[in-house]
Amino acid sequence: MTTKSVGWWFPCERMKLKSLLLRYYPPGIMLEYEESGQLKTKSIDLLDLHTSTDVNALVEEIQKAEPLITASRADQVKLLIQRLQNKLGQYSNHKFYLFKVLRAHILPLTNVALNKSGSCFITGSYDRTCKLWDTASGEELRTLEGHRNVVYAIAFNNPYGDKIATGSFDKTCKLWSVETGTCYHTFRGHTAEIVCLSFNPQSTLVATGSMDTTAKLWDIQSGEEVFTLTGHSAEIISLSFNTSGNRIITGSFDHTVTVWDADTGRKVYTLTGHCAEISSALFNWDCSLILTGSMDKTCMLWDATNGKCVATLTGHDDEILDSCFDYTGKLIATASADGTARVFSAATRKCITRLEGHEGEISKISFNPQGNRLLTGSSDKTARIWDAQTGQCFQVLEGHTDEIFSCAFNYKGDIIITGSKDNTCRIWR
């Protein structure tokens with residue numbers, strides 16, 4: 001259990017708790033409090049919470065560590081923790097059924113992305129457009145037109161979900177309103193195709209990665225370029241912010257990963273050790289670890305404070321095409337061109353289980369929010385749901401007629417979207 005505060009605080013009479021809010025994934029309680037007339041927030045992170053956790057003992061522990069949680073608040077905190085426990089047990093035996101097949105675009109799809117609630121999702125395409133869809137009805141809500149080439153990288157500014165960014169082979173990124181479809185800004189400056197992008201968690205910046213070997217940060221309000229991140233010697237194909245938004249990580253075909261300071265645009269350190277192209281690079285939730293996947297058949301785990309390698313995860317017989325942490329950062333999953341996936345413990349760095357059953361390479365892997373299921377998408381035209389602890393295949397999602405390149409759970413874990421080279425998206429619920 002850890003407490004993160006925003007701004008300095010001192011346990012004294014001037015601090016007054018205003019409200020308690022829940023964060024389901026990863027489990028935590030957000031405290032809104034007043035100090036010297038200012039409203040501040042901090043979080044109690046419950047990353048070790050399980051359905052079997054002794055709630056009374058946990059509340060006692062929280063009270064000892066957190067002065068704002070007084071005896072009069074103990075019962076309320078107990079109820080909140082029980083609600084978090086109920087969420088962790090949800091949907092673990094949920095069977096998914098095909099709800100809708102969407103023939104989304106005339107030309108091939110490039111990417112699919114959900115908003116946080118899962119109420120809508122977007123598709124990018126070679127037809128130069130991005131389309132916004134209603135998940136509940138499968139209806140197309142609007143088409144975002146204006147790019148002059150393939151729309152390749154797409155994202156919502158989650159958790160807010162009121163803006164969409166699209167990155168294109170036309171070397172520009174566009175920012176759109178979800179509500180009206182209006183284009184707020186066109187970000188120009190890259191000299192080659194944009195292939196990855198990400199919003200910072202505060203939704204004040206969008207970062208773009210390009211074949212021109214640079215990444216750029218753009219101000220969402222003004223539409224201006226803030227920084228250019230230079231240093232890679234080949235295209236940047238992976239880019240993401242850490243949870244607090246003060247670091248950016250870029251993975252490149254030059255075999256390296258670089259961590260940058262988002263406030264200054266300066267390089268913090270470069271992670272060298274892989275001997276082939278990088279396929280994925282990301283922080284865990286509490287920003288203590290970095291996971292990198294490579295075409296050299298390995299994943300590497302790095303200490304995020306100093307950039308030192310702490311483990312090399314081996315065992316795959318072919319390129320690593322995707323890798324991820326679960327929401328708490330305790331588990332790591334790897335997907336490979338060898339047709340298998342593996343689950344590792346982040347603490348012991350040992351392989352917990354192997355996921356075997358696909359008949360082609362696995363290009364996408366992700367945990368459900370509860371962390372007990374894994375979703376994989378493969379060139380064998382199926383997506384599969386697995387038990388994250390035992391490696392048992394729980395369900396095969398069949399129906400696509402070509403390889404699946406995109407698959408994702410929504411924030412609750414009760415909807416799955418798959419995107420395929422057969423030019424359809426499928427909604428499973």
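Counting starts with 1 at the first residue shown.
Note that Cβ sites are derived from N, Cα and C of the backbone, with glycine treated the same way.
Noted in TrEMBL for the protein shown:
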type: REPEAT; residues: 102-143; note: repeat 'WD'
type: REPEAT; residues: 144-186; note: repeat 'WD'
type: REPEAT; residues: 187-228; note: repeat 'WD'
type: REPEAT; residues: 229-270; note: repeat 'WD'
type: REPEAT; residues: 271-312; note: repeat 'WD'
type: REPEAT; residues: 313-354; note: repeat 'WD'
type: REPEAT; residues: 355-396; note: repeat 'WD'
type: REPEAT; residues: 397-429; note: repeat 'WD'
Residue numbers, six or more beyond the limits of the repeat 'WD' (397-429), whose CB comes under 8 Å of its CB atoms: 24-25, 90-91, 94, 96-105, 107-109, 111-114, 116-118, 121, 123, 133, 135, 138, 360, 363-364, 366-370, 373, 375-385
Tally of residues which DSSP labels helix, strand or coil - the repeat 'WD' (187-228): 0 helix, 22 strand, 20 coil
Distant-in-sequence neighbours of the repeat 'WD' (102-143), which means Cβ under 8 A and at least six residues beyond its ends: 149-156, 158-159, 161, 164, 166, 168, 176, 178, 181, 405-406, 408, 410-412, 414-415, 417-421, 423-427
Helix, strand and coil counts within the repeat 'WD' (313-354) (DSSP): 0 helix, 22 strand, 20 coil
